[in-house]
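K.L.:
I have a structure I would like to understand better, so I am pasting it below and will then ask my questions one at a time.
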Amino acid sequence: MEDNEQPSHDSAAAALQQKHAAMLERLANRHQSRATAKTDSNSSGSTQSFLSQFSQSKHSIDAQISRIRTQPNPPEKAELEAISLEISALEKLVAEHSYLLPPYEVRNSLTAITQLRQTLDDASAAVAPKKKFSFKNKSSKKSAAPASDQKSEVVSEVEGNKIVPKLGKLGFMDSGGAPGFRNKDKEKLEMEFNRGEVDGRNGEFTLSNLRDCEVRLKGCLRALFVDNVVNCKVYVGAVMGSVLIEGAEGCVFVLASHQIRIHNAKNCSFYLRVRSRPIIEDSNGVRFAPYCLSYRGIEEDLAEANLDEETGNWANVDDFRWLRALQSPNWSVLPEDDRVGMINIS
């Protein structure tokens, strides 16, 4: 009789344990649902708050620029500088909120800021014409660009052995006004940004439609936009704002920035120093490691951009398409044995 009772007792214990496990799972799912709903609510609220603040600031700047255009007397230099500072503050607002904003809101906001800069430049030139900024080395001798380069989307000059783009009419995703390298194949592309001369859209740069290229950007940038690059090596100094990547495959990126957002990247390696958590979306096979770039003056550039301290955030990646508590399968930490050594681009 005792032998018959033992299996029955074990069966009841197993059923109770199974019921307990099911209860714990339901509680965990309920907690996760509430946490997700709360996060979505906070994110939505933050986005709406940002859009409201951005719209009010942009309207105020537009009104000031319109007043400059219509007033009978030329504006004072201090007045122009004040408006420029307001645009810079608006740009900083975007950088601070880019971590929570949808990618299209970030792009739209940066495009609007670029248009504000251009409108202010046009208004200033109309009342007080001035020489436009270009990235130039004062000690270099200027020569005309080849005819083939003059027909490209970015008007450029050759100074010494450096490609020196001037301010163009195209920006990220073929809009805006940022200079950049576009539609290049199997080329070595270099740009140096002078420290202290990065202001507003003068510090924005775009890499678009590049294949099998090596890109070296030294100095301090305001923002970097990357669109549709394949089998490229991209080495970048200090980015004082955001790096936005839309479409990359088989690339190596070495970047230092305050924020980085990566969309639609495949089989790429990222060596980062970043002040906030990197964000990936619709990406797979992406690997992360610490920043490993060196060139003459890089320490001063990193300090200028407030990126001189390693935060360790390169390994704290958020995958916005992976909502489970488990590690996302779309990204990984690059094993030390597979990492490149220090890269010197002096």
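Cβ atoms here come from the backbone N, Cα and C positions, even for glycine.
Because TrEMBL annotations are produced automatically, they should be read as predictions rather than curated entries.
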K.L.:
Tell me which range among 1-53, 107-159 TrEMBL lists as region 'Disordered'.
P.N.:
1-53
K.L.:
So what pLDDT does the domain 'C-CAP/cofactor C-like' (179-322) average out to?
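P.N.:
That stretch averages a pLDDT of 91.
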K.L.:
Quick check on the domain 'C-CAP/cofactor C-like' (179-322): DSSP residue counts for helix, strand, coil, in that order please.
P.N.:
14 helix, 87 strand, 43 coil
